[in-house]
């Protein structure tokens, strides 16, 4: 089961590495900037996909069929986002909100399995065993970051004041890293429950 967490770590490492590479070389030339921006956006999709793997695996630990379906859907949506990210016009300022919308939509695809788990297990179990509180916090961080990025807040209200520090792009990156740590903490607690005495599967829990 190291592969399960490995997918999350791989997605996080690739996302942050691609972002670092893009921000390091984007001023080299337009061609280089365009190429590495595609890697940057692809990395975001990989992080979202990788984050879904351990969460879906342990949430639907005793329900292999829904788990496989949801994982397949996430993979299809994630690959679709990566394909869209290869479009040159996707990286232009005109499509800033489109970029935020694509990745926000990919992340919000988790609403359906979240509702499934909550209905199947009950609200109390979802918020305790299922760690939904931590995952909700993670979602708030991602959505807030994407919203600030798309709306260019706070620099749009204070032109010239946030050209170097505390601009929306920087805030977005900080929230993404913080959300990744929150997600890891929540999934680790969920894994610990599944490995405990009460987390095993019974005939009644299998779907």
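Cβ coordinates are placed from backbone N, Cα and C, and glycine is handled just like the others.
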Quiz item: Which of these ranges is annotated transmembrane segment in TrEMBL: 171-188, 189-206?
Solution: 171-188
Quiz item: Under 8 Å, at least 3 Cβ pairs, sequence separation 6 or more: does that hold for the transmembrane segment (100-120) versus the transmembrane segment (171-188)?
Solution: no
Self-check item: Same-chain residues at least 6 apart in sequence whose Cβ lies under 8 Å from residue 169 (Zn(2+) binding site)
Solution: 149
Quiz prompt | Listed stretch, out of 6-27, 69-88, 132-151, 171-188, that has the most CB pairs under 8 angstroms to the transmembrane segment (39-57) | solution = 6-27
Quiz prompt | Chain-internal residues, separated by at least six, CB under 8 A from residue 173 (Zn(2+) binding site) | solution = 19, 145
Self-check item: Output field, Zn(2+) shell: CB within 8 Å of site CB centroid, site 23, 169, 173 dropped
Solution: 19, 170, 172
